[in-house]
């Protein structure tokens, strides 16, 4: 481990320092002996330019010469990340290499001690041109490190410092539609082809935005880790778009996230509307019903909202099922009459369709019926329903297109027929009516499915008037006897 390595190198460094100190002590002792043996020799002293020594010029020149020899120029040293270890931007000292390589320059053949955070971790020897390299001996965890290269030769020493940052991972970016571009409650849905997205990533990173694997934009992340982008025309298409966001930090680390944006800019088709079969009494699909609380059904875009109006009155709203069907039942009974119901569909993106309408009629009763013998067959007094025609033609009026069945109670014959668009009807039996009173029962069913019975009687009289009078007198005579 690096800590053990650093500790081991500290020990070696201390031993080296102790060796240097021992050598210096030996030299000091030798110097002291030399002083004792040669009292005439004097060590050079630093020159104090502000103090006059009073010595001769020749003495001063000798002193300056010794002083110049004792002052050595420091070695020039450079230190940097090696190009192949400097990931991301080359203008910084941030890398995602956890065992980076360093390069530098100094005096040829100099010994270079490398320290990390003040601890010696290794050394290198400069080549004949003064260049040296060094690779971190152990993996460095993410963080900031202070490096120092100390170069030494027999002629002097020097050092250079470098601060590096190890950054081997970057945050996973996020993105979503901005509030003004989104549809509440529907993640990823937008009513426009140029929505804005907002997101987060590592501060000061760069974010690349792809639509269906095509790069459309690159944006910078601010110091707080936020970024945004507004799509341009033709970058998104109608419907589902696959969006990939790739974050690249200063160290060159990458992380990505993928999601979809659904654009919906087209209004739905207008819904269909009709009476439900359960409410479509009588003739089907004629929009006439005897139900005062009818149910309406239709088809619209799945997930859209159908708004229903009766005239100008808003009745309510229903959500269209996944299969595209919807239904609505009135909650307030309607009186007999003609009405108009309308419906619009609004999709989840907020677009509203054209209006669909359905005129319909509430008809809960058969309001009128009339019957008589046709005038040409009504012998004698017209309108008295007495005739000598045993197969008279009957005529009358009721609701338009009603179905009529009639039974002669005396003969048992039944006839079924239909009124025309004006409600007029005519028919005759195929067999003779009985002499005297004939009772008819009419059953009328209108187009709304309402049914009602009506009674009608007529008289067949085929005997001459004088004969009737004669027979009447005979009847009276026998009653008087």
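Here the Cβ of each residue, glycine as well, is placed from N, Cα and C on the backbone.
Taken from TrEMBL as is:
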{"type": "COMPBIAS", "residues": "15-36", "note": "compositional bias 'Polar residues'"}
{"type": "COMPBIAS", "residues": "48-59", "note": "compositional bias 'Low complexity'"}
{"type": "COMPBIAS", "residues": "60-71", "note": "compositional bias 'Basic and acidic residues'"}
{"type": "DOMAIN", "residues": "77-167", "note": "domain 'Bacterial Ig-like'"}
{"type": "DOMAIN", "residues": "176-265", "note": "domain 'Bacterial Ig-like'"}
{"type": "DOMAIN", "residues": "269-364", "note": "domain 'Bacterial Ig-like'"}
{"type": "DOMAIN", "residues": "368-462", "note": "domain 'Bacterial Ig-like'"}
As a quick check of your reading of DSSP, tell me how many residues in the domain 'Bacterial Ig-like' (368-462) are helical, how many are strand and how many are coil. 3 helix, 47 strand, 45 coil
Could you give the number of helix, strand and coil residues in the domain 'Bacterial Ig-like' (176-265) as assigned by DSSP? 3 helix, 49 strand, 38 coil
Counted with DSSP (H/G/I as helix, E/B as strand, rest coil), the domain 'Bacterial Ig-like' (269-364) has 0 helix, 45 strand, 51 coil
The predicted model's mean pLDDT over the domain 'Bacterial Ig-like' (368-462) is 95
For the domain 'Bacterial Ig-like' (77-167), how many residues does DSSP put in helix, in strand and in coil? 3 helix, 51 strand, 37 coil
